[in-house]
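Asker: Encoded as structure tokens, here's the structure I'll be asking about.
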There are 2 protein chains.
Amino acid sequence: MKKKPLILVTNDDGITAPGIRTLIKVMNTIGEVVVVAPDSPQSGMGHAITVDATLHCRKEHIDNGPQIEYSTSGTPADCIKLARHEILDRVPDLCVSGINHGSNSSINVIYSGTMSAAIEAGIEGIPAIGFSLLDYNYDANFSPSEPFIKTITLNVLNNGLPKGVVLNVNIPNLPKKAIKGIKVCRQAKANWVEKFDKRQNPQGKDYYWLTGKFVNLDKGEDTDEWALKQGYISVVPVQFDMTAHHFIQQLNSWSLNEE
Amino acid sequence: MKKKPLILVTNDDGITAPGIRTLIKVMNTIGEVVVVAPDSPQSGMGHAITVDATLHCRKEHIDNGPQIEYSTSGTPADCIKLARHEILDRVPDLCVSGINHGSNSSINVIYSGTMSAAIEAGIEGIPAIGFSLLDYNYDANFSPSEPFIKTITLNVLNNGLPKGVVLNVNIPNLPKKAIKGIKVCRQAKANWVEKFDKRQNPQGKDYYWLTGKFVNLDKGEDTDEWALKQGYISVVPVQFDMTAHHFIQQLNSWSLNEE
């Protein structure tokens, strides 16, 4: 690549979260960086977009890096749309989202604001990667991730991604030496078994907190869950054509058009 | 089926929206109905879940139908989780979501609260269908949809759905006689081209409204967009394994583990 690539950075934990600050640092070693990220945490927002409220956008100076930064009042998907259509004057060569504070492996991809930003970029035709570290702490140690994130990013810039595919990268919470390498995986067929913590407010009215336990019954050794357990970084190619193509033929045999 | 099936009904337009009231009416002719739906509109929420706020849930009596109803302060996905793990004492035989006021065809499945509820039910192992009418008006005419919704619902109850698959049904805004029938389709590769309407508030500060134009460059005659344009009801089987399986082999040829 002759010119420095233009890299759009976002996340769902908010523009000041340590995860995105690490990601910006790594991206500054690769390209020209523009950050457009939520002004406050947006975790669990899934692929929400703001259709019934106004959006605000503000230029920010958070550290002394060479990147240009904007915070917005929107969701991660909103950030991508705003960046692409209002802030940037050319299409970015890459979009990276994260580093999320916590896992987005397996079914979590569905609930993930981090991945919704990557998917939104993919829909816009921008090669995109979501990065997540398996540590929910605000003060998680992101530095072991840095060289791996750089390797994956350079691979995407060099090889490109097919239309309709983005990458979901999850990083185990391990010291650098203990990370065994990078594994291409499929999304494990796992899910959350919810439990609601039912409480009463001071006025005696019931309310709930959502809690749950992650249950993985998928025994495959080609899944993201397996790779992460073994100490690998998982890379799952993710598509946003959600059609269950394998079921179309059988569905056509149903009696949908009989009186 | 000997016993009346237990049907869970939800939506994203809120429990009093005409779309869900029509869906409840149709489901009352088929089974025992429990409604757990948001107390206010949640459109564009994607697959959001409430992890950082409390959830409230209230019993409701909205009309004289035989159904049992609850409204919640949560998103459509929250409603399914609450219904399954707090409200219902057995697993429902079916979950239906909608009827959405507006299209959830093509890429809209990604942004759709209606479909997030159906997908959440699918993740929980409950056969599920999302219904949407291509009319954004609050006072849209839902009655032409009724017999088709009944047919599709009975087909799902009789045939079941494979694990990991739910249905996305979109209904053209046409009189009953003009609807040509029901077509099984794939999700069209279409997207929104966003345009932000930039304004200034009375204090002179910029803000934005998200607007956009839907662009379909997919010329396939097996897509939901094509079917709807021809006057058919589209049925797309939707999966929540988002792995781009077709790209795994090529991804494995990348230099991800070279120093």
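Quick reminder: no glycine exception, Cβ is built from N, Cα and C everywhere.
Automated prediction, rather than curation, is the source of TrEMBL annotations.
On a predicted model such as this, the values are computed, not experimentally measured, just so you know.
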Asker: Besides B:D12, B:D13, B:S43, which of B:N28, B:N64, B:N100 does TrEMBL list for that divalent metal cation site?
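Answerer: TrEMBL lists B:D12, B:D13, B:S43 binding divalent metal cation, and from B:N28, B:N64, B:N100 it also lists B:N100.
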Asker: Which site among B:S43, B:N100 has the most other CB atoms no more than 10 Å from its CB, taking these as binding-site residues?
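Answerer: Going through B:S43, B:N100 one by one, the largest Cβ count within 10 Å is at B:N100.
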Asker: Apart from B:D12, B:D13, B:S43, B:N100, which residues in this chain have a Cβ no more than 8 Å from the mean position of the Cβ atoms of those residues at the divalent metal cation site?
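Answerer: Going along the sequence, the neighbours come out as B:N11, B:G14, B:A17, B:G19, B:P41, B:Q42, B:P76, B:G98, B:H101, B:G102, B:S112, B:G113, B:T114.
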Asker: Taking each of the binding-site residues B:D12, B:D13 in turn and counting other Cβ atoms within 10 Å of its Cβ, which one has the fewest?
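Answerer: Result for the binding-site residues B:D12, B:D13: minimum number of other Cβ atoms within 10 Å at B:D13.
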Asker: State the three-class DSSP label for B:N100 (divalent metal cation binding site), counting H, G and I as helix, E and B as strand, and everything else as coil.
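Answerer: DSSP call for B:N100 (divalent metal cation binding site): strand.
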Asker: Using a Cβ cut-off of under 8 Å to chain A, which of the binding-site residues B:D12, B:D13, B:S43, B:N100 qualify?
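Answerer: Contact set vs A: B:S43.
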